[in-house]
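What TrEMBL annotates here:
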{"type": "TRANSMEM", "residues": "79-105", "note": "transmembrane segment"}
{"type": "TRANSMEM", "residues": "117-134", "note": "transmembrane segment"}
{"type": "TRANSMEM", "residues": "146-163", "note": "transmembrane segment"}
{"type": "REGION", "residues": "173-201", "note": "region 'Disordered'"}
{"type": "COMPBIAS", "residues": "176-194", "note": "compositional bias 'Polar residues'"}
{"type": "DOMAIN", "residues": "232-360", "note": "domain 'Palmitoyltransferase DHHC'"}
{"type": "TRANSMEM", "residues": "278-301", "note": "transmembrane segment"}
{"type": "TRANSMEM", "residues": "321-345", "note": "transmembrane segment"}
């Protein structure tokens, strides 16, 4: 293959120069649209698949495919923020519709159980673009010192380092190297009973409950097995392995994870036993860096007012385009920070009661948990050993062999 050739999704050699040709589904769709006829079932999906397959860039060993979900943040975010800086009403409209659009896309992908890089690319590009606006529009005004820029940069670097650690292995259980014959595959104990809720509940023997809750795939039968050592374990029919207590199967990753908390779309990975600490650390560094950057910007754009007052009342913010863009970016950062702050708050409360997000949702579904603090936390009471012991357990995650963990003991 030359740098502009590629093998398309049909297995045929194609060329970037012909990327706008030969799409029969698109031609038929345009013809039906011009003649006011409806599209056949599945036509839009086939057109979207063809367009996504042809979005490529030239490379040495052939054209490389670009994930379409990476493109919208790179193009739309700067355009929308610059348009929002033109007028107060435009800013109000865009900063209201942008989070609504992101939430709509989240619920759409969550319902379809699809993996997407849009949220990760949106988060990383937002960080980079906000830092660029800060250096270009805020620092030249002369009210931000060199030490403050260094502190903000160090916070950003530490957050990215923690995020990189959170993107690593969350604690995937090793999959069998080779599967046995299907006739011999099954739970390790014939007398155990199946359950798919992850709470070690009891269902009729051999029944596979086809429910999906926060990472549990449909049709996955889970079987509790009492090991001789007294450690309660489960059987995952999808991965064909026995997993320890509090482990769960993620439908999006297709793997079982130790002490599965949830699948986070912002890092496009699961949060489990091995990366939960790094996830909390990344959120904490983000909160500190974001609040510090917002404070420095508001002190520069809205002189003589406290940051909280300036966020809602800054008469000179739209006096020039530079101030308007900085103020718009501050509000964008404030919206994102509020959302991430809520996630961090829930995580800290869950850790304090030694409950994972997955266990809390299962407890809500089965009405086995206790709502505390106005419903912010669901205490299952199963692993709660007190505030200090719960945090001690969390800080020791991954430092001891999983099979010897006290959480696996019945």
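Cβ atoms here come from the backbone N, Cα and C positions, even for glycine.
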For the transmembrane segment (79-105), could you work out the same-chain residues 6 or more beyond its ends whose Cβ comes under 8 Å from its Cβ atoms?
116, 118-119, 122, 129, 318, 321, 324-325, 327-329, 331-332, 335, 339
If we skip the immediate neighbours and take only residues 6+ beyond the ends of the transmembrane segment (117-134), which ones have a Cβ under 8 Å from one of its Cβ atoms?
67, 69-70, 72-74, 77-78, 81, 102, 105-106, 152-153, 156, 159-160, 265-268, 293, 296-297, 325-326, 329, 332-333, 336
Counting only residues 6+ away from its ends, which parts of the chain sit with a Cβ under 8 Å from the transmembrane segment (321-345)?
81-82, 84-86, 91, 95, 98-99, 126, 130, 133-134, 137-138, 280, 283-284, 286-287, 290-291, 293-294, 297-298, 300-302, 311, 314, 376
Please give the sequence-distant neighbours of the transmembrane segment (146-163): residues at least 6 beyond its ends with Cβ less than 8 Å from one of its Cβ atoms.
127, 131, 134-135, 139, 267, 278, 281-282, 285-286, 288-289, 292-293, 296
Please compute the mean pLDDT of the model over the domain 'Palmitoyltransferase DHHC' (232-360).
91
DSSP-wise, what's the residue breakdown of the domain 'Palmitoyltransferase DHHC' (232-360) into helix, strand and coil?
72 helix, 21 strand, 36 coil
